[in-house]
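Undergrad: I'd like to ask some things about the structure below.
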């Protein structure tokens, strides 16, 4: 009796650059799971139709990337707690006529910081730069780690305040604008898009110290401008490649109930950058 290979994909626009198929192919081989994983380019005005067609063709799950995470959130028939907190979905699972929406970005970030970088979040001071979708997706998993302080800083103070109020009451959660930051933090996370424009958020170098881990959600072959700035002021730096691999591993677990090992996949991707 032959078994059907389960079908997954990453959906977005653009999508050709996505490393997700490579990551999931390695996870599948490692865990001996019978699946295929493709890239799916959806028209900017055709996300819903693309997902429906994927389901009709017996697709089992999707990773969702830019610019469709909010549409996926609205479309899901059931949401995980972390997806609800994020207000966005990066993982869809189709099962028994239901569409489960999840968000694995935050747990990917936390796993990379705590397990891979070996830096505890518990009891630490954490600065989160940015108040957009990338920041919103990681706040709940960071709070679950019980930091001493989690400060959301943004160019527009009111936007940081609006974001913090979604998680209120949280006595450890604070807001700031970039210019008001004057203390050193244990962990500084760049969730802005500044690195895409080869810029650095306008923050004081005093947020960095020798003990600081400066983490940029972006990644590339060379350190980002944020990482360069942080390193010049004494911080240890790390980019977001590990977050990419760890959020993929969490999606794989949501779909298959099997947790893959990530270290070898991370090393392979790093070597190819």
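The backbone N, Cα and C atoms fix where each Cβ goes, glycine too.
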Undergrad: Determine which of 6, 34, 58, 105 appears in Swiss-Prot for the same shikimate site as 18, 19, 20, 65, 90, 219.
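TA: Given 18, 19, 20, 65, 90, 219 bind shikimate in Swiss-Prot, the matching entry from 6, 34, 58, 105 is 105.
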Undergrad: Among the binding-site residues 81, 105, which residue has its Cβ surrounded by the fewest other Cβ atoms within 10 Å?
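TA: If we count Cβ atoms within 10 Å for the binding-site residues 81, 105, the smallest count is at 81.
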Undergrad: For residue 154 (NADP(+) binding site), just give me the three-state DSSP call.
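TA: The residue in question, residue 154 (NADP(+) binding site), is strand (DSSP, three-state).
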Undergrad: Do you know offhand how many angstrom separate residue 105 (shikimate binding site) and residue 156 (NADP(+) binding site) by C-alpha?
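TA: A Cα-Cα distance of 24 Å.
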Undergrad: Have a look at the recorded positions 69, 133, 154, 156 and say which one has the shortest Cα distance to residue 20 (shikimate binding site).
TA: 69
Undergrad: Calculate the distance in Å between the alpha carbons (Cα) of residue 158 (NADP(+) binding site) and residue 219 (shikimate binding site), and round it to a whole number.
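TA: That comes out at 28 Å between the alpha carbons.
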